[in-house]
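Right, one structure below, let's go through it.
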Amino acid sequence: MMKLLHLFITSSKPVVEILLITTVGFYMALDGVNLLGQDARKFLNNIVFYVFSPSLIGSRLANSVTYESLMQMWFMPVNVLLTFIIGSFLGWIVILITKPPSHLRGLIVGCCAAGNLGNMPLIIVPAVCKEKGGPFGDPENCQKYGVGYVALSMAMGSIYIWTYVYNLMRVLTNSPIETQPSIESSCKVPLISSKEEEDNQKVGRWDKVKRRMVSLSGKVNLRTIFAPSTIAAMIALVVGLITPIRKLIIGNGAPLGVLQDSVTLVGDGAIPAMTLIIGGNLLKGMRSSGMKKSSIVGVLVARYIFLPISGVLIVRGAYKFDLITSEPLYQFVLLLQYAVPPAMNLGTITQLFGAGESECSVILLWTYALASVSLTVWPTFFMWLVA
């Protein structure tokens, strides 16, 4: 009982931190204060996108990844991608059931697909490692390897968010609403034979497929594949994997260690800035939000019930087929990737689109308010499972 209570307090800590900073952002956006108005949020969002997020990803990844660790953790990028793909599928089911407005479809899929693989695991994993008599062995080694696992998880999550989720949300948000055929067109008398009509339909279907593919390729913003965060992850991999460069920049005695320290210092501002923006957008969401309650419940069920269950099946299946090692901590981090709330970067993406910012804040408020329950129940079960 005491362990469960301790785990609840541990998992609640990052959630409470986010909710407190969100409250500050909410207060700063009030009309009487007006320190974080619409224009201020837009400018701060651009700083997060171009400066803070790349610095956070680059500093964490370069500091923890090596060639040996990357070979051992080869399944983690695959696992993170699976969380995004399964989440997208669940998000599409939520859309089909709840039928939200067309401009919010991308947001719902994004909230189901992209999980917070950054500050949540970064706080939970070291805290779990400190647990005496836990399944992860020596606390010092547990924390060292655990932070490395989380850093790679965070970097891969960022890459997938800005390549996969960003473009998926963009396509779904901008996709036109299908119109129903008019009564007049449906009642027209056919002027050609059924065989000719069938041939024309085949040609018409092929033309429709080609037009849909061209339209889709036009909507996918290929520039975001090389978004600042993605470029930072690539540079960090080069620095971390090439030993001479690593010794030059990474470590206490590194000649150019000041570069790593500076980037880390800048990156530390990413999570507070993103959270302030979400708090500011929440004010607008409380005044007028087009988000249905059924859609919010659908996102909660997808993220906190079906996604963790699918994670258990995938990770345990990978272990049975010898795709991953028997190390409990590694399996725990893989499982945890399925149980976290939506990514904070979704607020940045909706701000860049200029659509769905307030609805995004409402969803994030509810998902993070209930995250303490999810991040207590599931990690407790995961620890029992891998022990």
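Along the chain as shown, the residues are counted starting at 1.
Including glycine, each Cβ sits where the backbone N, Cα and C put it.
The shown structure was predicted, so the numbers you read here are calculated from the model rather than taken from an experiment.
Here TrEMBL flags 15-36 (among others) as transmembrane segment.
What TrEMBL lists as transmembrane segment is 43-62 (among others). If one looks beyond the transmembrane segment (43-62) by at least 6 residues along the same chain, the residues whose Cβ comes under 8 Å of a Cβ in the stretch are 36, 118, 151-152, 154-155, 158, 227-229, 231-233, 235-237, 239-240, 246, 249-250, 260, 263-264, 266-271, 273-274, 276-277, 345, 348, 351-352.
Taken from TrEMBL, the feature transmembrane segment covers 74-95 (among others).
Here the transmembrane segment (107-127) has long-range neighbours at 10-11, 13-14, 18, 56, 80, 83-85, 87-88, 90-92, 94-95, 98, 100, 143, 146-147, 149-150, 153-154, 156-158, 160-161, 164-165, 168-169, 172-173, 271, 295, 298-299, 302-303, 307, 329, 332-333, 336-338, 340-346, 349-350, 356, 359-360, 363-364, 367, 371, 375, 379, meaning same-chain residues at least 6 beyond its ends whose C-beta is under 8 angstroms from one of its own. According to TrEMBL, the feature transmembrane segment maps to 107-127 (among others).
Positions annotated as transmembrane segment by TrEMBL: 147-166 (among others).
Taken from TrEMBL, the feature transmembrane segment applies to 220-242 (among others).
Taken from TrEMBL, the feature transmembrane segment applies to 262-283 (among others).
The transmembrane segment feature in TrEMBL is assigned to 295-315 (among others). Within the chain, the transmembrane segment (295-315) has long-range Cβ neighbours (under 8 A, six or more residues past its boundaries) at 79, 82-83, 86-87, 90-91, 93-94, 97-98, 100, 104, 108, 111-112, 115, 324, 331, 334-335, 337-339, 341-342, 362-363, 366-367, 370, 373-374, 378, 385.
As annotated by TrEMBL, transmembrane segment applies to 335-355 (among others).
Per TrEMBL, transmembrane segment is recorded for 362-386 (among others).
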At least three Cβ pairs under 8 Å linking the transmembrane segment (15-36) and the transmembrane segment (147-166), pairs spaced 6 or more in sequence? no
By a Cβ-Cβ criterion of under 8 Å, what residues six or more beyond either terminus of the transmembrane segment (147-166) are in contact with it? 53, 57, 60-61, 63-65, 69-70, 73, 76-77, 80-81, 84, 110, 113-115, 117-118, 121-122, 125-126, 221, 224-225, 227, 229-230, 233, 236-237, 329-330, 333, 337, 343, 345-346, 349
